[in-house]
Each structure stands twice: as C-alpha cells, then as structure tokens.
Amino acid sequence: MGIKAALPKYEIYFYNTVLCLAMFWAASWIFEVSNCKYTDELLQPNRRRDGMRRITYDTADFEWMMWFSTFREHILFALSGHVLFAKICSMLAPQFRSLVYMVYGLLAVWTSMGWTYVSLMLSHCILLYSISLVKIRWLCFVAGLCTLATFKCEPFVSWQAGFVEGDFELRHVLFYGGCGFTIMRCVSFALENCERKDGHYSVLELLKYNFYLPFFYFGPIMTFDKFYVQANKSDLTRKEREMWNISLQGLIHLGVVIVVDVLFHFMYILTIPTDIKLLKHLSDWALVGLAYVNLVYDWIKAAVMFGVINTVSRLDHLDPPKPPKCITMLYVFSETHFDRGINDWLCKYIYNYLGGKHENVVEELVATLCTYGVTILWLGPCEVVLVWAFFNCFGLNLELWTAKAFSIEPFASFEAAMSEAMSRRIRAIFNTFNFWCIVLFNLMALNSLDFVKLVTKRLLLKGFPITTIIVMFVTYCLIQVIKERERRQALIDDPDPLPPAAPLNAAAATCPPTAAPQAAADSSKEKAE
C-alpha cells in the first residue's frame, strides 16, 4: 500500500485534537514537577542571588551552556571574523576564497589551541594523505579507523593531549572535537581520492577541506566530494530570495535560543532525570512526558547548534548537511539520527556501500554491524554506547526482517485484500511500538540506564493497562498525523497524473459541448483537494 493512502478528514481532525490535549496535559505535569518541593531541594546548587530575588536556571547541559552562555562571546567573535574575511575575499578575489578560508581557520586554531596542536593535526592529515596515494580503499579505511582509535584509547589519548598548550575550560572539548572531525574528514578525502580515476587530489585541497573553521571543531561533516565542488565553484550568484531565507533562518535560531533559555528557568527537564529518588515520586504521565521532552530538547539543541554553523556556511556559498529530522517525526529506525553529517558519512562509505539495495538480509546485517561498529568507535566505547548501538542495530534489522516476512504469503494476500486506509491504520499500530523503542533506545545515549529502566517499568509494567493504553493511543494519533503530513508532501513532490482527455468525437457524441471543460475542472479540483 502506498504512502498516498488517505483517511477521512474527520478522523485526521480527531487525531490532531487528541495530540493538542495530550501536549497541554504533559506540559502541565512537567511544570508541576519542576516546582515541587523535591525539585526545589535538587536545584539548590543551581540557585543564585539577584538582589532580593532568587533565580534558578537549569545548567545540566554543558554543550548548551558553552555555546550560548559561557563561551558565547568567543564563538561569536571567531565566526564573525570568518564571515567578515570571507565576504571581503568573495568581493575582491573569489577564485582564492577557499584558500582564505583555510588560512583564517589555521590562524584561529593556532590562536585557540597553540602551534603544537596545529602540528598534530597536520601530521595526521599528511599521514592519511600519503596512504590515500596508494588508492587502496580498504587500506585507507583501516588506517583512518586506527588513527581515530588513538583518540579513544589510552595511553595514546593522554600523549596526544599533551600537545595542547594552556589550561582553559574549553580545552578538552576543542581537542576531542577537532581531532575526531579531522580524522573523519581525512578518511572522506582518502576514499574520494581512491575513487578518482585520473591523478590525485593535492594535499592543499585536503588542508582547505579540513581547516574550514565553521566545521572544524563541532561539525557537521560534509563529504569531500561535495565540499570540493562547492568551495571551488566560480559562479557566486545567489538564487532569488536566498539572502532573505538565510537571514530568516538566523532569526529563527535566535528566537529558539531565547525561548529555550527562558524555559530553563521554569522547566528543569535536564536536571530532574539525574535524581532517581525524585523520579520515583513522579506520576507515570510526568515520567513518560519527561523522557519524551528530553529527546525533543536534544533534537532542538542539535538543530540550533548545527543551524548556526550552517547559516555561516551558507553565507560562504556552501550547501551544508540539513538539520536532523525531528524526533517527533521518527517512527522507523532507518531515519533515526541526531547528526545528519555523520549519518551521511556513514551511509555513503559504509552502510550503502556494503548493504547495496538493502534487500538481502545477510548483507543488511553485515552493513549495520559495520556501521554501528564505526559509530561506537566515533562516540567512544563504553557500556552505554554499546547497549545503545546493540538495540538500534537490532531495531534496524528487525524492520527489514518484518518487511520481508509480511511480503510473503499469506500476509501479502491479506494486505492486498484490505483497503489502503485500513492498511495504513494497521501499519500505524506497528509504528507506534516502533516509536517508543526509538525513544527508549536513544534515551540511553542522553541519560542514564537507570532512568531508561524506570521509564520502561512505569510504561509497560507498573502503569499497565491504563497508562500503557493511553500513551500508546496518543502515540498512534501522532503517527497518523505524521503519515498524513507525509502523504500531503508526497502529493506535492510527485502528484498523480491527470487521466488522459477523451477523444473529441467521443465527447461530442456522449455529452454537450460544455460538459468537457466542466469535467476537467472537477478533476483538477479533486486532485488539488
């Protein structure tokens, strides 16, 4: 059954109404929890005095505080300098703009981390560039993974960290971010060099690619083939209203930052999950809502941080990876990701390369195991990451196994016999359970295993049947609303062709002359509706 299967309008209105009521209900529960006496005791370390007022702010997320509070001025200064120099170069010597990006990035990294750190990055770049000259794909990949492992395992990490000069709070974040993304970019360059049939890319192109400042420390990752084409194109004319769209995107990100900053004064969604004693006092509804809101916040954080960098790169005439897909819109494992740049990198060089058309069960299993193996190395091997990778890998393969099972008899005949609307409802039921598997599995990477165990126990065991049924029903309504949005988007992207017009003599023989235009108008109206 296709994605364009429609449901009655009144049914869609009912689903939207249920979702609105559930959102207000969940928000009221979380707000009530944020102001209870247990939360008040938990937040004592985060309180500060402002005259006669007592102000509380949720400071549990280091990344958010680093970007938009603690080091806001430093990040803003570095990105503003890049935009200024890039604009001047684009006006005076556009053919050298990628070279200016590299020089400014090198100077910025040198200023912030020292010349020894720059030397360390250059050594890794030259090492992987030398290996790429052999043009053996598996050798480049193994060398890249071994180099990445040196930043995840002792004693190599401590030895290389000693190359960083100075002692400031952001030192460790910049060290690991710059090193990790540098290796991933070098691997992308090496693999693309292997695919090039005539000659080699120069080492200067690698340095331009790696030391582009907006992407250097925090990503996202653009694969080398895309960056090379976009950074070296000579035509710098913009599309109509492109600057307006870039400005609007920047204003939206600023508005989201302000809204999240205000909400952190009233809803302590990040601090509360760290205290198991407090969580035990929460109701089932508040606990489930808190788990879901944690994932939504992490998506907002990723979308805003990558969005700020993407806005700068779009000013440089680049087309960066899109923001991650909202967690609310995810009900299949194959679309689950919080960093689209890493996701595109893994899909291009591992998942799609090994999985082919993703129809063979064995090939899919090998592709997913290798993909999540590299992901574990990228994130750093630990218990939480291993458990997270296992469940997500299992869920991704289970989707393929289930699709294969339902494509054979007698299931295929059952689905062919039912209407498209009924098939969509049945699929939504399965997607409902899939949605909560995605939520619970990805909570492991954001919170503790104890928090995930508590949410699972409340949702499936202690809260059964009332809490379980109501939560699953609300999630079912959410899935149907998402499917309806996807259906309408599919009709816009790929509209159904209009039926061919009847021959003129046949139309004249069967109806008056004015009936044909009226029939065409009715058909167009029905199609648009």
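Including glycine, each Cβ sits where the backbone N, Cα and C put it.
Keep in mind it's a predicted model, so treat the numbers as computed, not measured.
Here TrEMBL gives transmembrane segment for one range in the set 144-164, 459-479, 501-521: that range is 459-479.
Looking at the stretches 173-191, 211-229, 382-400, the one that TrEMBL records under the feature transmembrane segment is 211-229.
Contact between the transmembrane segment (211-229) and the transmembrane segment (428-447) does not hold: fewer than three of their C-beta pairs are under 8 Å, each pair 6 or more apart in sequence.
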